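Peer 1: For N56, N57, G58, G59, D60, Y144, D162, A260, G323, H373, D440, the entry in TrEMBL reads (6S)-NADPHX binding site. Residues annotated as K(+) binding site in TrEMBL: N57, D128, S165. According to TrEMBL, the feature AMP binding site maps to K410, G411, Y412, R413, T414, G439. The domain 'YjeF N-terminal' feature in TrEMBL is assigned to 9-219. Marked as domain 'YjeF C-terminal' by TrEMBL: 225-497.
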Amino acid sequence: MKVVTPKEMAVMDRHAVAAGTPSIELMERAGHACAEVIKVDLDEKAQIIILCGPGNNGGDGLVIGRSLIEDGYTVHLFLTADREKLSEDSQISLKRLEDKNIPIRTLQDDADLEDLSLIMKRATHVVDAIFGTGLVDKEIPASYNRIFDLVNDFDREKIAIDIPSGLRGDIGLTIGNGIFADKTIVIQNYKTGCLLNDGPDYTGDTILIDIGIDENSIPNEKYYTQESDLKFPQKRKKNTHKYDYGSVVVIAGSKGMSGAGILSIEGALKSGGGLVTCYVPQDIYIPVVARAPAEALIKTYDCNITSDDIKHDRKKVILIGPGIGRAKNYSFILEHLLEGSLPVVIDADGIHHLAVVVDSLKESKTPVVITPHFAEFSKLIDVPREDILKDPIGYGQKFAMEYQVVVVLKGYRTMIFGTNGEIWFNSTGNPGMATGGSGDVLAGMIAGIAGQNVNLFEAARAGVFYHGKAGDYYAEHFGQSTLTAHSIIESLKYVLK
Ligand SMILES: NC(=O)C1=CN([C@@H]2O[C@H](COP(=O)(O)OP(=O)(O)OC[C@H]3O[C@@H](n4cnc5c(N)ncnc54)[C@H](OP(=O)(O)O)[C@@H]3O)[C@@H](O)[C@H]2O)[C@@H](O)CC1
Ligand SMILES: Nc1ncnc2c1ncn2[C@@H]1O[C@H](COP(=O)(O)OP(=O)(O)O)[C@@H](O)[C@H]1O
Ligand SMILES: [K+]
């Protein structure tokens, strides 16, 4: 399933119209499909306020109103702009309402707002059809901000159409304030703004509706990961042994951070890795051996380790970074690993050290994946975090293609950037996972999966998906507060089969 920017959505809409579906028909389909979703929660006592803006998002609201009224529900329709300012299709939808003698009020002054707030006291639902994907980045008039505040104070169900008003559909940031919806009915495809930055906090739960627009009519390579898209887990052949399932090398840990490697080992083993060897500095060897799973081999190394030292024909992938700290210089090791032939996963402080030798990525012939969060990525590419937040897709895609490295940019909806420009938005995970060590588990999982003859890009997509799914499993059963990195490891057995 594709994820689109508002501009891409507009092009898809135009293609649908050019292919023979009039735009008013698309609006009818959108409005009726949204009404069907809304009706599921309504009973005979429901009173629904629908706030309709000047553009086609408002037009969707008018169609929703007509559909609900025809089914006998009590609906209060409000226009937030003068009738003359409505888009062409909204004018048609308004006329269809008026032809049925359905009343609609315009919010013009303080008295109208007062009226709205009185009706809100007895309403059960507010539908936000004020602005959708056509919101442009210019100051929103104060009159709208007052409406947004009123809606946000409404303590019953708030349903946004396509995208909550005030939220930018491209980057998931608001222009001034915006409407916090409980639920957003997304038309046809997720917009990037639903998934980035504050988008998920504004949209609430999301429900996708299909109005028959062809997502393949544009050359867009942004996708929303579904489990069926993954090429892992694969069925195991009977005639196999542990070396067929990836011998993973983990270079991890430093004094004070001896647990990081253990979490990565467990991530690798519990995602099916056949054999894991963890290299740790001499000074933490004993604590790591004492706490590591019995299945893992623990070895020591010094800072001159090269990929030849750890190379063995049965080793399949190397993970470097969790808990290695910044005190020692790892640039030398990284350069050697990148010159080698085994796939490399670089995580955490490994990314800090990579910054010094970042150009070696361009020379490297071996597949590499890096797993930064936004702060680590900002340091690596030397761009302020605030600038990246305004264009995370652009920066992630540029780096992945220029340096030929798979980038896993971690967040609520982690993005996986392929070296060919492809982008996958992960669809699993929850804020309970914002807890120390959960990144170490993820890095171990990606390495563990890559070791099972899965290419690094596929391993990254699958690792991120099942890491999030395990976190969701735990949160569903026990809540988010007690979720730890170990909860993710322990939940993997329920979601990865
Ligand atoms: N065929 C289709 O296209 C389909 C589209 N569909 C629906 O249409 C929605 C997109 O509709 P849209 O393009 O008309 O934009 P929309 O979000 O209603 O806003 C535009 C209005 O807002 C105004 N405005 C903008 N920025 C502003 C600001 N900062 N501050 C103040 N005002 C601002 C702008 O005014 P202007 O800036 O032009 O003066 C204009 O009046 C989409 O989300 C989906 O719901 C579905 O029905 C399926 C088929
Ligand atoms: N708010 C959030 N919602 C969902 N997942 C999150 C959230 N915050 C962090 N995560 C996930 O948790 C992991 C944290 O990794 P990282 O930031 O490297 O932390 P650490 O180094 O403490 O392990 C990532 O996989 C990230 O996607
Ligand atoms: K809206």
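From the backbone N, Cα and C atoms, a Cβ is placed for every residue, glycine too.
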Peer 1: Just checking: which of the binding-site residues D128, G323, K410 have a C-beta under 6 Å from ligand 3?
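Peer 2: Cβ < 6 Å from ligand 3, in sequence order: D128.
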Peer 1: Among the binding-site residues listed here (N56, D128, G323), which has the Cα closest to the Cα of Y412 (AMP binding site)?
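Peer 2: Checked the binding-site residues N56, D128, G323; minimum Cα distance to Y412 (AMP binding site) goes to G323.
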Peer 1: If you draw a 10 Å sphere on the Cβ of D60 ((6S)-NADPHX binding site), how many other Cβ atoms land inside?
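Peer 2: So the Cβ neighbour count for D60 ((6S)-NADPHX binding site) comes to 33.
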Peer 1: Could you tell me the maximum Cα-Cα distance in Å between the residues recorded as binding AMP, namely K410, G411, Y412, R413, T414, G439, rounded to a whole number?
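Peer 2: Those residues reach a largest Cα separation of 14 Å.
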Peer 1: Given the binding-site residues N56, N57, D60, G323, K410, D440, return the subset with CB under 6 A from an atom of ligand 1, ordered by sequence, or none if empty.
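Peer 2: Among the binding-site residues listed, those whose Cβ sits under 6 Å from ligand 1 are N56, N57, D60.
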Peer 1: Please classify the secondary structure at N56 ((6S)-NADPHX binding site) using three-state DSSP.
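Peer 2: Once the DSSP labels are grouped into three classes, N56 ((6S)-NADPHX binding site) ends up as helix.
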Peer 1: Near R413 (AMP binding site), which residues of its own chain have a C-beta under 8 A away, given they sit six or more steps off in sequence?
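Peer 2: In sequence order, L195, L196, P200, F425, N426, S427, G429 meet the Cβ cut-off.
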Peer 1: Looking at the binding-site residues G411, G439, which one has the fewest other Cβ atoms within 10 Å of its own Cβ?
Peer 2: G411
Peer 1: Enumerate same-chain residues with a sequence separation of six or more from D128 (K(+) binding site) and a Cβ-Cβ distance below 8 A; give 'none' if the list is empty.
Peer 2: L51, V151, K158, I159, A160, I161, P164, S165, I179, A181
Peer 1: Summarise the model confidence on the domain 'YjeF N-terminal' (9-219) as a single mean pLDDT, whole number.
Peer 2: 97
Peer 1: Between T414 (AMP binding site) and D60 ((6S)-NADPHX binding site), find the distance joining the two CA atoms and give it rounded to the nearest Å.
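Peer 2: Counting only the Cα atoms, the answer is 31 Å.
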Peer 1: Hey, how far is N57 (K(+) binding site) from D162 ((6S)-NADPHX binding site), Cα to Cα, in Å?
Peer 2: 8
Peer 1: What whole-number Å value do you get for the CA-CA distance of G323 ((6S)-NADPHX binding site) and G439 (AMP binding site)?
Peer 2: 10
Peer 1: Any idea what the Cα distance is from G411 (AMP binding site) over to D60 ((6S)-NADPHX binding site), rounded to a whole Å?
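Peer 2: Pair distance, Cα basis, whole Å: 32 Å.
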Peer 1: Suppose we screen the binding-site residues D162, S165, K410, Y412, G439, D440 by Cβ distance to ligand 2 with a cut-off under 6 Å; which survive, in sequence order?
Peer 2: K410, Y412, G439, D440
